[in-house]
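Report on the structure given below.
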Amino acid sequence: MKTSRLPIAIQQAVMRRLWEKLAQANLKLGRNYPEPKLSYTQRGTSAGTAWLESYEIRLNPVLLLENSEAFIEEVVPHELAHLLVWKHFGRVAPHGKEWKWMMESVLGVPARRTHQFELQSVRRNTFPYRCKCQEHQLTVRRHNRVVRGEAVYRCVHCGEQLTAK
């Protein structure tokens, strides 16, 4: 499913969640942070990104369509938290203690750094790599970094260096 045409009902649900969490944050923080710009232009395997300087949230329309409920519940507050942390604290670690606090204490959402959505429809070419416990699929970018000797990747489970299959 490569379409970026989103049903209006899904766009409205995204906006409701954004407004709800922004109002909640403004109330708890005693601030009046503005509504960020929202676009559906994120591509690839990222569910969303927060652009600090332009105060914008970019969401992946394909992943949103395929995972609407979980996406709206998790990704929208996740990206909003990045913008609120930037407004409230300035430049800090992207998923540091300030972001975790904003997610859990202010927005009331579990602080997860990554999504668990199925990526088959948005994944492009991948390259098989192995460790001692499983097979991994590296993106073209990561594969090229390995080939050029710029990066080494390790399995998060066993810690072994990944090798091309």
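Backbone N, Cα and C define each Cβ position, glycine as well.
Annotated features, as they stand in Swiss-Prot:
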- GLU79: active site (ACT_SITE)
- HIS78, HIS82: Zn(2+) binding site (BINDING)
- 22-163: domain 'SprT-like' (DOMAIN)
Cβ-Cβ neighbours of HIS78 (Zn(2+) binding site) (radius 10 Å): 26
Close in space, distant in sequence - HIS82 (Zn(2+) binding site), Cβ under 8 Å, 6 or more apart: ALA50, LEU52, PRO94, TRP99
Helix-strand-coil residue split for the domain 'SprT-like' (22-163), DSSP-based: 54 helix, 24 strand, 64 coil
PLDDT averaged over every residue in the domain 'SprT-like' (22-163): 92
Spatial neighbours of GLU79 (active site) that are distant in sequence (at least 6 apart) but have CB under 8 A: GLY48, THR49, ALA50, ILE57, LEU59
